[in-house]
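Structure first, commentary second.
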Amino acid sequence: MAKYVMALDQGTTSSRAIIFDHSGKMIASLNKEFRQIYPKPGWVEHDPMEIWESQIEVAKGVIEKAGIKPEDIAAIGITNQRETTVVWDKNTGKPIYNAIVWQCRRTAPICDDLKNKGFDKKIREKTGLVVDAYFSGTKVKWILDNVEGAREKAERGELLFGNIDTWLIWNLTRGKVHVTDYSNASRTMLFNIHELKWDKEILEELNVPENMLPEVKPSSHVYGYTDKSIFGVEIPIAGDAGDQQAALFGQACFKPGMAKNTYGTGCFMLMNTGEKAVPSKTGLLTTIAWGIDGKVEYALEGSIFITGAAIQWLRDELRIIDNAPQSEEYALKVEDTNGVYVVPAFVGLGAPYWDMYARGVIVGLTRGAKREHIIRATLESIAYQTRDVLEAMQEDSGIKLQALKVDGGASANNFLMQFQADILGVPVDRPQVIETTALGAAYLAGLAVGFWNSREEIEKNWNIDRRFEPAMEEEKREKLYRGWKKAVERAMKWAEE
């Protein structure tokens with residue numbers, strides 16, 4: 001009887017493989033970084049072959065590290081950096097161009113063109129997304145329009161498109177299976193999230209042939225089996241979800257109104273809205289959380305661009321701390337920020353402002369301002385931005401949040417988590433396993449093969465490490481937040497000509 005599930009977590013900077021047991025405990029983990037390619041300013045690429053090779057290397061390596069055999073693995077679940085786009089030749093299996101990464105801005109002119117035509121409203125309505133270079137649709141168009149011979153090959157049905165999940169599954173099955181799941185499809189800007197199919201009108205507008213696109217399947221489903229030549233046995237590939245949706249699942253946010261916030265370079269907050277796609281009036285994205293058991297569940301998503309990256313800025317550019325954990329130590333040396341606010345709008349502001357021209361500011365400085373105050377204000381900015389998104393989410397959904405589940409690197413910072421609870425006025429729950437993205441992929445795969453029987457069983461695996469209760473008086477909380485809103489106003493539209 002197979003005792004484990006393997007998650008392949010293909011991220012923006014590294015490929016990871018993690019083995020989990022039945023209780024959701026991590027048995028072994030291995031990761032490998034790969035190259036970031038910057039051909040021009042604002043352009044970001046990855047080599048798809050390097051992604052595949054690094055991913056398969058850690059997959060084989062982690063089995064060895066765990067001291068188990070491939071036949072001990074019940075299923076493989078995949079989670080991936082979303083939106084990143086690969087186009088490859090169906091016959092040779094080779095990419096015709098590098099993968100265009102989600103951060104890449106090269107297709108901004110295509111997006112401006114769609115907006116000028118007024119086509120953005122249609123896209124918002126059908127896909128739940130805002131028109132932005134972030135999503136896959138314009139990236140596919142760019143490859144077809146700019147790589148020699150690509151358009152002709154596509155018309156002849158010789159090319160395949162996929163996000164990283166699709167590319168990995170295709171390679172794991174040696175070209176037998178070309179699929180994606182609902183959550184990844186919903187990030188392409190080509191998928192109608194209400195009708196649950198590729199949208200012909202958008203495909204026509206972007207001139208992308210439908211024959212390139214993968215088949216869309218549930219997020220928990222046996223898509224196929226790994227080719228015997230890879231692990232020596234055939235292992236079912238049975239789970240697939242984009243990284244943020246996988247984290248929502250790994251946090252057991254199964255009921256409408258449950259939300260998680262992942263603290264990484266930026267922050268991604270997702271709230272489960274159940275079987276209803278809630279349109280956003282406040283600048284959030286409406287997205288598919290997952291498709292399981294013949295039905296699809298939706299989520300609202302708010303993306304904050306700079307959170308953990310602001311701590312790196314204190315370390316690398318300002319050089320006022322030596323390492324990230326030190327930020328907590330310094331923040332605790334002072335009682336408050338002495339009236340200082342930091343707005344880390346280094347690349348503009350994401351949800352709910354969507355201001356590309358905002359820039360970073362430090363306000364409220366007086367002669368008494370010390371480095372501890374600036375460090376503390378930078379940490380606090382992460383919590384304020386999270387409140388901005390949460391308020392938008394509550395307004396859109398009409399649901400009042402009971403508690404916020406957290407994960408990701410900065411969720412280990414106790415000062416930040418306590419301040420987060422204080423400024424939101426709701427408890428913040430940190431789980432024992434903060435690797436919730438990989439865990440979510442493992443759960444989706446395990447459910448499809450009966451390794452876990454139900455979501456109830458998974459919920460029992462979710463264990464709290466610590467609950468942070470709000471301890472700040474309402475009056476103080478609102479006064480601090482008013483100051484933040486004032487600081488954000490100073491940052492807005494700064495870089496506009």
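The backbone N, Cα and C atoms fix where each Cβ goes, glycine too.
Summarising the annotation, Swiss-Prot assigns sn-glycerol 3-phosphate binding site to THR12, ARG82, GLU83, TYR134, ASP243 and lists sequence analysis as the type of evidence. THR12 (sn-glycerol 3-phosphate binding site) falls outside any helix or strand according to DSSP and counts as coil.
Taking the Cβ of ASN413 (ADP binding site) as centre and 10 Å as the limit, one finds 21 other Cβ atoms among all the protein chains shown. Annotation comment: Swiss-Prot describes THR12, ARG16, THR265, GLY308, GLY409, ASN413 as ADP binding site, evidence class sequence analysis.
In sequence order, ILE306, THR307, GLY308, ALA309 are the residues near THR265 (ADP binding site), counting only same-chain partners six or more apart with C-beta under 8 A. According to Swiss-Prot, the ATP binding site annotation covers THR12, THR13, SER14, THR265, GLY308, GLN312, GLY409, on the basis of sequence analysis.
Within its own chain, ARG82 (sn-glycerol 3-phosphate binding site) has TRP102, ASN163, ASN184, ARG187, GLY242, ASP243, GLN244 as residues 6 or more apart in sequence whose C-beta sits under 8 angstroms from its own. Residues annotated as glycerol binding site in Swiss-Prot: ARG82, GLU83, TYR134, ASP243, GLN244.
Nearest to TYR134 (sn-glycerol 3-phosphate binding site) in space, judged by Cα atoms and limited to the binding-site residues THR13, ARG16, GLN312, is THR13. In this structure, the C-alpha atom of THR12 (sn-glycerol 3-phosphate binding site) lies 23 angstrom from that of ASN413 (ADP binding site). The separation of GLY409 (ADP binding site) from GLN312 (ATP binding site), Cα to Cα, is 12 Å. For ARG16 (ADP binding site), the same-chain residues that are 6 or more apart in sequence and have a Cβ closer than 8 Å to its Cβ are LEU8, ASP9, GLN10, SER29, LEU30, ASN31, LYS32, VAL58, ALA438. Under 8 Å, Cβ to Cβ, and six or more positions away along its own chain, GLU83 (sn-glycerol 3-phosphate binding site) finds TRP102, TYR134, PHE135, SER136, LYS139, ASN163, ARG187, THR188. Note: SER14 (ATP binding site) has non-local neighbours ASN31, LYS32, GLU33, PHE34, SER54, i.e. same-chain residues 6+ apart with C-beta under 8 A of its own C-beta.
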